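**Student:** The structure's right below; bear with me while I get my questions together.
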Amino acid sequence: LSHSSPLVLTVVLVLAGLVSITYFLRAGSYFQDPLFCVFVAFSFTSAVDLIISLEEDGFVSGFAEVYVREGEPYLRTAHGIMICYWDGLVHYGLYLAMITAMSQRKSYRSLGLFWLGSLMMSIVVFLLGNLIGKYSSDISPAFLLNVPYVLIPIWAGVKLFQQPRALPCLTAEQVAEEQRKWLHQRPQDVVLVLLLLLVAAFTFFRGMVILDCPADSCFEYIYQHEPYLRDPVAYPKVQMLLYLFYVLPFFCLCIYGLLRPGCSWMPDWSLVFAGAVAQAQFSHLGSSLHSRTPFPYQTPEDVWWSFLITNVLYALGPQLLALRCLRRP
């Protein structure tokens, strides 16, 4: 397996065998949900990703060195290690929780939507960064192993959105009365609107920074606060562009939804974007501080606390919005 082609063939055969075994086991058990096979197969790859991240950080050795070296060398970057940690810990926990919910005939729709946003953000940034970053010349046939991570979550997302949504135990009159309240009568929503305004402004600012805005504040920020945005691996640039063109419009729509209650799309999509932003901020924050990032692009020690607080608050906004939508839809 010292070359990429037989390595890819071996991985495909292993995954195909795993899916086949899972499918036949499902056929004779009470796990009739088609997503059961997806979660079992992806939990296997999550365990592999955790081993890769632990090996790259020196905690274990001799497990995945050949695969990373010959198949996907970009997993050795700080961003690659961070997404492997997230997949091996958070996604793996979500898979176990959703499989447990299946076995108990409980709804896992909310967990699934959070997982969907997290996985899609992870794979889109990872693939685009590989294609346009400094590792674009190292792409091998193993790169195609990431294609199922794009196609299968799309199919799984359709299945999740088709599942029935849990409705609040309220009458139509109670819902109408709640929606007639002005914003100042809903203090929690006032705080969320202010937080989302700050998050949206910060998203726009970092988008201008990554687009080489000539303003002095942008120049100072990219060199003195977040030099990781200049890293030639291109992951942070792709991340900020996704924030600017997709997450920022969503924040604006959510502000409208809080000002004018009754937007039925908000509970579901707030969960999707909460998962996406949580994964993105974990990878971005961790990569900025990781030793694998070249020293000129690491976050300076004198701005560590401001950097941490800013990025943690940025990730917290969508989580609070999703929690508010879940508790009082």
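Using N, Cα and C of the backbone, Cβ positions are placed for all residues, glycine too.
Checked TrEMBL, it gives:
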TRANSMEM  6-25  transmembrane segment
DOMAIN    32-157  domain 'EXPERA'
TRANSMEM  34-54  transmembrane segment
TRANSMEM  74-99  transmembrane segment
TRANSMEM  111-133  transmembrane segment
TRANSMEM  139-158  transmembrane segment
DOMAIN    188-322  domain 'EXPERA'
TRANSMEM  190-211  transmembrane segment
TRANSMEM  240-259  transmembrane segment
**Student:** Run the contact check on the transmembrane segment (111-133) against the transmembrane segment (74-99): 3 or more C-beta pairs under 8 Å, excluding pairs closer than 6 in sequence.
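**Tutor:** Output yes: the transmembrane segment (111-133) sits against the transmembrane segment (74-99).
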**Student:** Counting by DSSP secondary structure, give me helix, strand and coil numbers for the domain 'EXPERA' (188-322).
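**Tutor:** Each residue of the domain 'EXPERA' (188-322) counted once, the result is 110 helix, 0 strand, 25 coil.
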**Student:** Summarise the domain 'EXPERA' (32-157) by DSSP state, stating how many residues are helix, strand and coil.
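**Tutor:** Secondary-structure composition of the domain 'EXPERA' (32-157): 101 helix, 0 strand, 25 coil.
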**Student:** What mean pLDDT does the predicted model reach across the domain 'EXPERA' (188-322)?
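**Tutor:** Per the prediction, mean pLDDT sits at 94 for the domain 'EXPERA' (188-322).
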